[in-house]
Every structure is written in C-alpha cells, then in structure tokens.
Amino acid sequence: MTLNLDDAKITAEVLTTALPYIQRFVDKLIVVKYGGNAMTDPALESSFARDIVLLKTVGMHPVVVHGGGPQVDNLLKELGRHSDRIDGMRVTDKSTMDIVEMVLGGSVNKSIVSLINKHGGCAIGLTGKDANLILAKKLMMEKIGTDGVAVPVDLGFVGDVVSVNKDVINMLIASDFIPVIAPLGVDEEGNTYNINADLVAGKVAEFLQAEKLMLLTNIKGVLGRDGEVVTGLTPKTVDSLIEDGTISGGMIPKIQCALDAVRSGVKSAVIVDGRVPHATLLEIFTNEGVGTLISRDLDLRSN
C-alpha cells in the first residue's frame, strides 16, 4: 500500500481541528432526538449510528430519543386502519395505542439499537414504561371553536411528561451503554401513552441537566424573514420571533421544547438539519453547525 501524504495530512488536520470540541464535551451528556428523513434513508441511518458511536468513543455520553410516526402510519395503512390528527397530534384510541407501542417500542427501537451496535457501540433499547422511566399523564388539549371559545379535545392515549427517572439513564451511562428511548410513557394507573418525541427528548435533557439537546428535523433550522437560517438565538429573541410571526406553524412546538429545556438548565439546544450526512458530528465539532442554536450564551457558536 502506498502512503498518500497529502491525504494523511488532511486527515490529521481534521482530527486536530476536532480536538477542542472533544475537550469541551468530554464526559458531557448529549441528548439527541432522532427522527425525520434520517430514519428512512439508509445512508443517513448509517451515518447517524456512526456519529453516535464516535461521540461515545471520544468520551461523550449520547442518549437517543427517537420518533417513528411514518412507520406507525405505514403499519396502520397495511392493517386498513385510519388515524386522525388534530393540530398535528395523532388521535390514539386503545387499539391504535397497541399498534403505536408495537412499532415504536419494538421494530423501530430495536432497529436503531442494532444499527448502533453494528457500528461498534453498545446500545440498549428502552421505552418510558421500563422501570417507570417516563411518568406520564393524559395530555389536555383545547381547540378554539368557530365562536372563539376554547373547547376541550380528547386525543385519547396521548400523553405529557410528568417526570423522568434519571437514575435509570445514569446507571446505563455509568455502565457504558448508549440508551435508546422510545417515546412512550406510563401513568400511575399503568396506562400507556404516546408522547411527542421532541417533548420526551426535551424533558430527558432537562431532568438529566444535559450539556446539549439536539433535535434532528427535515428542515434547515429556524428561518428568518429573509429565508436564511438563523444560526443562533437567545430565549428572549425566540419569544420575539414567535410573537411577530417569524416562527410559526409546526416549528412552534419544536422550538418550544428547545426553549423550555434551555430555560430549565440545559446549556444549549439546537434544531439540526437531519438530512445532512453526519449532521450530529457537524453540529458538535464545528463552530457553524448545521442548524439553529438556542442558548443564553451565543458565544458557543464562535468559540
């Protein structure tokens, strides 16, 4: 084999460039919400798994929370079932909840675990029901009627997070596992709930006081009025952009999860373009990142 010194030098430069970021995040907890195109494109699936293994290998503690809405939709369609949505939230009756649990806690979760392990990691799959990891309650939702009056909407077994059993996750991390969590929760009566994966990721980051929360999406990040990605926002600026309509629609719940996490002590949260190969590494190991960072300290984008 002939050694190409130019290629070797480039590799060495890349590795040394990453060194300050590795030092910054070593022994830190990173919560990554995995969803969108990154879960349906084989090349992106592979790059995500390798990214997670690399983070663990260099001394960080990644925790993965995954979605799986499209996979649930596909199985419901195969079974001839229809599932309504209200403001993006799936109406989940008991039989639909059984299917959701089977897909998220079964095939999707184990597929991610297997892929991470294939690339040299040691992942372990969980749902919020395991060891009462995610204590949930029924999500109460209101919708404004034609008369302008708020009316309650029953979404069925759709939940909100009450608490996260951080001891379980910390025990797994201490044993060198990579936790992979399906967004299901359980209430005190043993009822199972389907919970938004962004919300679960945000609450896991909050209860564990993670260094960073990363939400992988199918968009570039928060767009300004000029259509360009806003690379950094403070919580106060986010409030202003929601108020003036710059941040609107489906982005609001996602940005609210990130905002709540930062206001609860998570150092930074970032909306990441999961369609970019190795987006997780690019966000952690470069100043520019691949999305919109939300933090009280925007110098994190320039150090």
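Just so it is clear, glycine is given a Cβ too, placed from its N, Cα and C backbone atoms.
The feature substrate binding site is assigned by Swiss-Prot to GLY68, GLY69, ARG90, ASN194. Around ARG90 (substrate binding site), a 10 Å sphere centred on its CB holds 21 further CB atoms from the protein chains shown.
Of all Cβ atoms in the shown protein chains, 33 besides its own fall within 10 Å of the Cβ of LYS33 (site 'Transition state stabilizer'). LYS33 (site 'Transition state stabilizer') falls within a strand when secondary structure is assigned with DSSP. According to Swiss-Prot, the site 'Transition state stabilizer' annotation covers LYS33 (among others).
For LYS254 (among others), the entry in Swiss-Prot reads site 'Transition state stabilizer', with the evidence type sequence analysis. When Cβ atoms from all protein chains are considered, those within 10 Å of LYS254 (site 'Transition state stabilizer') total 21, not counting its own.
Rounded to a whole number, the distance between the Cα atoms of GLY69 (substrate binding site) and LYS254 (site 'Transition state stabilizer') is 15 Å. Secondary structure from DSSP puts ASN194 (substrate binding site) in a beta strand. Its Cβ taken as reference, GLY68 (substrate binding site) is surrounded by 24 other Cβ atoms within 10 Å in the chains shown. Taking the C-alpha positions, the distance from GLY69 (substrate binding site) to LYS33 (site 'Transition state stabilizer') comes to 13 Å. Maximum C-alpha to C-alpha distance over the listed substrate-binding residues GLY68, GLY69, ARG90, ASN194 is 12 Å. Highest Cβ count within 10 Å among the binding-site residues GLY69, ASN194: ASN194. Residue pair ARG90 (substrate binding site) / LYS33 (site 'Transition state stabilizer') shows a Cα separation of 19 Å.
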